[in-house]
């Protein structure tokens, strides 16, 4: 009860006159105003900026190199026929030129449906069909990059936004993934499902991972069964699901896919068939794929992957050593490439499905170097990595220029169309080499142009045919005048000056005009080299 023992209130500060001094607040204690809300453009860029970057690069490749080659011919011609002939299957190209093995129409059908509004506008305004080819390729690129986005989002969730950024940058400076993303190859159609499987895998939805890979293997590329096997075995060993669950999931999904592809493709091919089974029989059982060339067993690891991944190739090895979280993902994918190496016939596109996952491992290594860039020793490695990034970008630029010159058939047909704009009926014969190097149904014009792709015509027999023009690999043809030649990429040459690498081009496709047609000879032609 002693009043002196009571705790007095807070002492008031006295001014110089002894009067209480008013308490003041420092700026640090005042609440800062909330940051301004981002504009719609800023939100769009933050959400889809990486997609716009990758999409712009892929679209640039498609616009600059719109033509397709022989590996893409089935799906390209199928998309054309679905869009332009609709239900008149008897007019479809595959009935006249079936190819070595049948392929499924499902991918071509999906892309054709998605691109049909744009193609309808092109047809209504009588725009050349080559723009329809560009439309279907851009739609395909949107599908592939959408699935890559789903995978990228999971990379960000699992490893952080810096790893995501390096993943995008590495993909952007690599040439092949974005260049192939708009090309209608069965491998690229399967890549969409593989990207989807990778995103399910990172998300922890393991049965969905198996289902996506089964659809890819049963419908589009039977070799994806190797990737299904390695990833499935890894998930079983990690006890992500039981063996019985995996069997039920795989059998039910496979039967559903087999039934769907047999139904659709039997109608389109006008016989009962499962396309990918026939491909599997031809390539694996009969082993006839080696007729198209063979490579050594180590070719994927010493040539294909280094060329496709560039700086990411050594970085992916470092990433697996620095961050053990990625090892359970990279190991099955690497084993897929090892198993595929046993097949004698090898092409880069066969193992392109492994590149996105390997890029994640490379991104982890790049992120570690970036985080430690100010430390002694690490700063040198970081500068070395930046130099390798620039070198990879330069290599991709050279690869693009080589690819631009790799379609002489398409460029020759375009030049011939532009040179003769008369309304007189013209018959053009296209030989096998020209058709394989850029010519498709999308490149053809309407009347007065007519086209023939008749094969096995000898060079002596041309003068007995009433063709107005020829596009072929021969410089001289009896009864015809060589009008012009188109160069194609031959090889790269190292030179002791800047730039250190140059491209060697040689004439590959020649245009000939019938000497008996005065209308052809009256036009101004540059002549053949």
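Placement of Cβ uses the backbone N, Cα and C atoms for every residue, glycine included.
Annotated by TrEMBL as transmembrane segment, the relevant range among 382-404, 405-427, 428-450 is 382-404. The feature transmembrane segment, as given by TrEMBL for the ranges 63-87, 213-237, 463-487, sits at 213-237. Only pairs six or more apart in sequence are counted, and the transmembrane segment (243-264) with the transmembrane segment (105-125) gives three or more Cβ pairs under 8 Å, enough to call it a contact. Sequence-distant contacts of the transmembrane segment (382-404) (same chain, six or more residues past either end, CB-CB distance under 8 Å): 61, 64-65, 169, 173-176, 179, 310-312, 315, 366, 369-370, 372-373, 489, 492, 501, 503. Beyond its flanks by at least six residues, the transmembrane segment (105-125) meets 74-75, 78-79, 82-83, 131-132, 135-136, 138-140, 143, 184, 186, 189, 219-220, 260-261, 264-265, 268 of its own chain at Cβ-Cβ distances under 8 Å. Between the transmembrane segment (131-151) and the listed ranges 163-179, 185-201, 297-320, 350-370, the one holding the most Cβ pairs under 8 Å is 185-201. Only pairs six or more apart in sequence are counted, and the transmembrane segment (297-320) with the transmembrane segment (185-201) gives fewer than three Cβ pairs under 8 Å, not enough to call it a contact.
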